[in-house]
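*Asks:* The structure is given below, and queries will be raised subsequently.
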Amino acid sequence: MRHNRYNKERKNKQLEKKPQTIYLVCLKPFMVAYPIEINTQKAIQLIVENWLHILSTNWGWIQEFNQIIAKYVEMLCYLAKIFRKIKTFEGHFGMVTCVQFSPDGRTIVSSSSDKKILIWDVKSGLCVKKLEGHLNVVSEVQFSSDGQTIVSCSLDTTIRLWDVKSAIEIQKLEGHSGFVTSTQFSPDGRTILSCSFDQTVRIWDIQSGKEINRFQGHSSRVTGAQFSPNGHIVASCSDDKTIRLWDVLSGKEIQKFEQDTYVTAVQFSPDGFVMLSSSWDRFVRLWDLKSGMEIQRLVGHSSVVTGARFSPDGYSIVSYSWDKTVRLWDVGSGREMQTLGGHLDCVTGAQFSPDGCTIVSSCGDKIIRLWG
């Protein structure tokens, strides 16, 4: 008994000496990578000291302590990061309608009202490839998961596949009777999702180029659609003021979310449990998929929110708007963390890089901006 009490008292004295040391050891790797503000350093130190105080009142040491502290430090550093404009890409002759990173983050693909698709080298800022073939505004583009193929859709009612290396069109999917507003590869890369002003959402087999499923139910033009992370569900949004969930295999509507205004875009969280939507009423909403309830509303934009996306880790959201701004939000608190200004027209797209360290935005002023 006396021996155990002595060991505990000795351990407590050792812990009392450790806060500053552990704080510096945990913080050092992150100080190199991030320009940490003084207030953030103090916050991290307080967290470390609090954990040590808790540990000093209990028996023993927890094996995961270093990982817990490191995670706190990483999250605080991320939240404290200030994004600044670091580069612009100019080459389009019309509104840039969409911009996307490649899976490795080294290149960017953009689409425009000038009917062209451009591929950019992130490091040099130079246009390295030009894809031409669409006969009208190119509304959206996306890389495949291996980065070797690009899918695009257009107001010419077609969806096209392009080989990145050769910059050659390799397939054209036809069937929609109205403007195609959005397109996306499935998580397994075997199918393509599209939606259109013709009020339908469709799935296409890449190998055959044929339509294999069609989701009908919207009563107005469909403005956006996305696969869930596991590829089993599709979410779509429309000017009929609804968001609908569809079962991919059966093609049946399984859930409907109603709003009081036009919905511009929809996206699943990385874990697939939450969905976000953007709309004409200037709000970004988060929805719990299990209950179907709205669980968060992000308020700050002063005009139509054209879209919103989760960060790769799901902790943050980037939204973009007709108010000429891109805004960053903390998912947990719903607090706006930063506004990225300087755009000269409505912002049409924004996305985090795969590592979450940079953001790219597209705008009606024909300029693509990189923030880091």
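Including glycine, each Cβ sits where the backbone N, Cα and C put it.
No curator has checked TrEMBL annotations; they are predicted automatically.
Okay, so TrEMBL annotates it like this:
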TRANSMEM  21-38  transmembrane segment
REPEAT    89-130  repeat 'WD'
REPEAT    131-172  repeat 'WD'
REPEAT    173-214  repeat 'WD'
REPEAT    215-256  repeat 'WD'
REPEAT    263-297  repeat 'WD'
REPEAT    298-339  repeat 'WD'
REPEAT    340-372  repeat 'WD'
*Asks:* So which of 173-214, 215-256, 263-297, 340-372 has the most C-beta pairs under 8 Å when paired with the repeat 'WD' (89-130)?
*Replies:* 340-372
*Asks:* Just give the helix, strand and coil counts over the repeat 'WD' (340-372), going by DSSP.
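*Replies:* The composition, in the requested order, is 0 helix, 17 strand, 16 coil.
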*Asks:* Hey, which bits of the same chain come close to the repeat 'WD' (131-172), Cβ under 8 Å, at least six residues off its ends?
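*Replies:* Same-chain residues near the repeat 'WD' (131-172) but 6 or more away: 94, 97-98, 100-104, 107, 109-113, 115-119, 178-185, 187, 189, 192, 194, 196, 204, 206, 209.
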*Asks:* Other than its close neighbours in sequence, what residues sit by the repeat 'WD' (215-256), given a CB gap under 8 Å and a spacing of at least six beyond its ends?
*Replies:* 178-179, 181-182, 184, 186-188, 193-203, 262-268, 270-272, 275, 277, 287, 289, 292, 307
*Asks:* Please list the DSSP helix, strand and coil residue counts for the repeat 'WD' (173-214).
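*Replies:* With helix first, then strand, then coil, the repeat 'WD' (173-214) has 0 helix, 24 strand, 18 coil.
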